[in-house]
Every structure is written in structure tokens, then in C-alpha cells.
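Written out below as C-alpha cells is the structure these notes cover.
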């Protein structure tokens with residue numbers, strides 16, 4: 001009996017120790033995920049007192065990359081940091097890597113493609129144009145990736161990026177050329193550039209381009225954003241394709257934020273339907289169940305189409321948005337957006353991920369390339385709440401860039417990129433900027449002095 005009691009006591013103590021160890025592990029993991037900052041040093045500036053009509057009235061229909069905008073319309077991030085937000089939901093790529101079925105992998109990749117633009121919801125601030133030769137790097141061990149990007153061209157502005165799994169599961173890369181046009185009451189961003197995702201374990205490669213993005217009420221009224229256009233995700237290994245339709249707002253706003261599409265195999269047979277909102281969540285369902293559901297809504301939609309409305313010449317009022325997606329029975333959840341921090345509304349509507357992209361943590365100065373965005377004095381000044389210093393530094397950096405360009409022209413010198421080389425995307429045959437490697441060897445000799 002005494003022996004049995006000792007065994008029971010031993011087992012009890014073992015379980016207690018095991019519980020303590022698990023608690024310590026959870027605390028450690030929580031620390032890893034929460035050591036990034038959750039707010040900016042200063043809130044954003046009010047844009048209500050600034051009129052940009054005098055700047056934009058001569059630019060209707062023109063490309064805006066060469067137009068200088070008031071700095072108050074910026075947000076304290078470089079465009080290189082903005083495209084890094086593609087990686088906010090990296091867990092969807094990791095999920096795709098873990099799945100054995102190619103259609104389920106396509107569903108995860110489609111959800112990732114939608115989630116990549118989700119951070120733009122209510123983000124009406126313009127990111128800073130990167131300087132030629134500017135770079136940005138980000139390593140997230142808890143998410144399992146590292147990324148490097150470089151501004152490889154100034155006219156036209158082209159940003160190239162390369163992200164890779166820390167465990168060798170995937171490579172994600174692309175080059176983005178955002179073409180902006182002003183249309184009187186709105187600014188439209190045309191998605192130029194191809195995005196490529198390689199799932200190395202499955203020997204699969206996916207390519208796609210982002211939808212159009214439009215910011216309404218640039219001159220008058222409340223700013224609001226819509227995404228629209230068709231996004232085709234192609235699996236070059238299997239021939240499967242996912243076609244996603246980012247729906248425009250429409251007359252009464254019923255389609256605002258909606259995304260609907262389908263996955264088909266190489267024989268064009270529809271295998272599943274994907275639907276939801278890029279601001280909220282995405283679901284997958286059987287095509288037959290989807291068609292049955294759509295037929296039940298057809299009468300209501302027909303009544304709505306018979307109504308007519310007048311165009312508002314003063315402002316494009318943002319429709320009242322009901323963010324809850326009507327879930328079709330039998331659907332599978334693919335992705336749901338994370339909630340934003342409580343102070344997001346006064347901090348450029350940043351997500352938790354965006355909030356820490358410009359954070360300069362202790363010890364980073366000795367590791368980062370001197371061309372990294374975190375060292376840009378204009379972005380840093382704006383983040384710290386000094387709008388006057390930010391404006392002066394922005395003007396100084398732009399003048400320095402112009403002087404360097406004139407000096408190269410005088411000496412008949414061509415600009416040479418450091419980490420990316422112009423080549424051909426082997427899957428699409430289109431021109432692309434390919435990562436040449438070596439950035440994380442930390443050999444930063446002969447980098448340009450751009451700040």
C-alpha cells in the first residue's frame with residue numbers, strides 16, 4: 001500500500017511539473033508573439049484643412065507618379081514596407097504547404113491572395129515613394145519567413161521583393177509597378193506586375209496579379225476604398241486555375257467588398273466556388289450548393305436592379321456596409337481577417353502587423369543595410385509627429401536623388417541594382433526582377449548613400 005501511495009505521489013508530481021512546463025512554454029510563446037510594438041509614437045495628422053484641388057485639377061486622366069503630393073496625405077511607411085504586408089497572413093502559405101490535395105492547396109493560395117490586399121481596407125494614406133536603391137528587410141521567425149525588397153527603378157517606379165520560408169518550404173516573389181491615375185473625384189491604382197508563389201515541397205508554382213484599387217472622394221467627402229477586377233491564379237504545375245472577381249461597388253453598394261470566384265481544373269470543370277469579402281473572410285463551397293443558394297436570392301436581386309439612382313456630383317457617398325457574409329450551408333472557412341488594434345483609427349488605420357514595420361529595435365542599426373527604410377529621416381519624423389521636419393527631409397532626399405541622377409548622366413553612368421536583376425519570369429514569360437541572392441550575407445559594401 002505504501003508503495004502504491006508513493007507511485008501515485010510520483011505520478012501526481014510528474015503531472016504538476018508537466019503542467020508547469022506547459023504554462024512556461026505558453027508564456028514564452030506569448031512573449032515571442034507580443035514583443036513588437038502595438039502603437040506608433042504619435043497619432044496621425046488631420047487632413048481636413050488641406051486642399052489638393054489646385055494640385056490635381058490639371059492631372060485628370062494622367063499618371064500621378066511624377067506629381068508631388070502634400071506630405072500630410074502620406075502614411076509613415078515606404079511602399080517597400082507596404083508590399084511587405086502581403087506576408088501578414090503567411091500561415092495560409094504554410095497551410096498550403098502542409099496539404100496533400102492540390103485543390104485544397106489552391107484554396108489556401110486563393111485565400112492568401114485575397115488576404116494580401118485586406119490591409120488596404122480604410123488605408124487612405126499614401127505610402128512614401130521609395131528612393132532608388134532603397135531596401136527593406138523583415139524576418140519573422142514566429143511566422144517562418146524572411147523577406148528583402150529593393151527599389152530597382154525610379155522612372156517608372158518598380159519595387160521588387162523576395163520572401164522565403166525559413167524551413168525551405170516556399171519562395172514568394174514579385175515586382176510591383178503601381179500605376180496611379182486621377183479621375184476627378186478618385187485615384188485609381190492599376191496593378192502592374194506579377195506575383196509568384198512556389199511551393200517547393202509539392203513542386204508547384206502559382207502566379208497572379210492584384211486587383212485594381214480605387215480611393216474615392218479625393219477632393220470632397222469622406223475617403224473610402226474599393227477593390228475591383230478579375231484576379232486569375234494559375235497553378236502552372238497542374239493546370240488548375242482560380243478565377244476571383246473583386247466586385248465593384250455598384251449603384252447601391254450591395255457588392256462593396258465582395259469577392260466571388262471558382263476553382264477549375266485544366267479541363268475547365270468547376271470544382272468549388274469561393275466567396276466572401278476581402279475586408280472580412282473567405283469561404284469555399286460545392287458549386288451545386290452555391291447555385292442553389294444564388295437562385296433563392298435571384299428575385300431580390302432582380303427587384304434591386306430595376307431601381308435607378310442619380311449620380312452625386314459632389315462626392316461618392318460610401319455605401320452603408322454590412323460586414324457579415326451570408327454563409328452558404330456546407331461552406332468551409334478559408335480565412336478570416338484579424339481585428340485591428342483599438343487605436344488604429346488615429347494611427348493611419350494600421351493593422352497590428354503594419355504597426356511594427358518601421359520599428360527600429362535595439363541592435364538593428366548594426367545589422368540592417370544602410371539603405372533600409374527604417375533609416376529614412378522623413379518617414380521617421382512623420383512617425384514621431386514632426387510634420388514640418390518630415391516635409392523638409394522629404395524635399396531634401398528628393399533633391400539629393402535628382403542631383404545623383406544628374407551626376408550619373410554627366411558621367412554617362414547607368415544605375416546598377418544590387419540585389420535584383422532584370423530577367424524573365426520562367427512561368428509567365430513576362431519581364432520580371434529576379435532576386436540574385438546574397439543579401440543576408442550582410443556584405444553591404446558599395447551601397448549608395450541615399451539618405
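Any Cβ shown, glycine's included, is placed from N, Cα and C.
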Worksheet item: Taking 234-262, 263-291, 292-320, 321-349 as the choices, which stretch does TrEMBL tie to region 'Disordered'?
Response: 292-320
Worksheet item: Among 380-414, 415-449, where does TrEMBL put the label coiled coil?
Response: 380-414
Discussion item. I need to check the long-range neighbours of the coiled coil (380-414): which residues 6 or more away from its ends have a CB within less than 8 Å of a CB in the stretch?
Written reply: 40-43, 45, 71-72, 74, 76, 128, 131-132, 154, 358, 360, 374, 448, 450-451
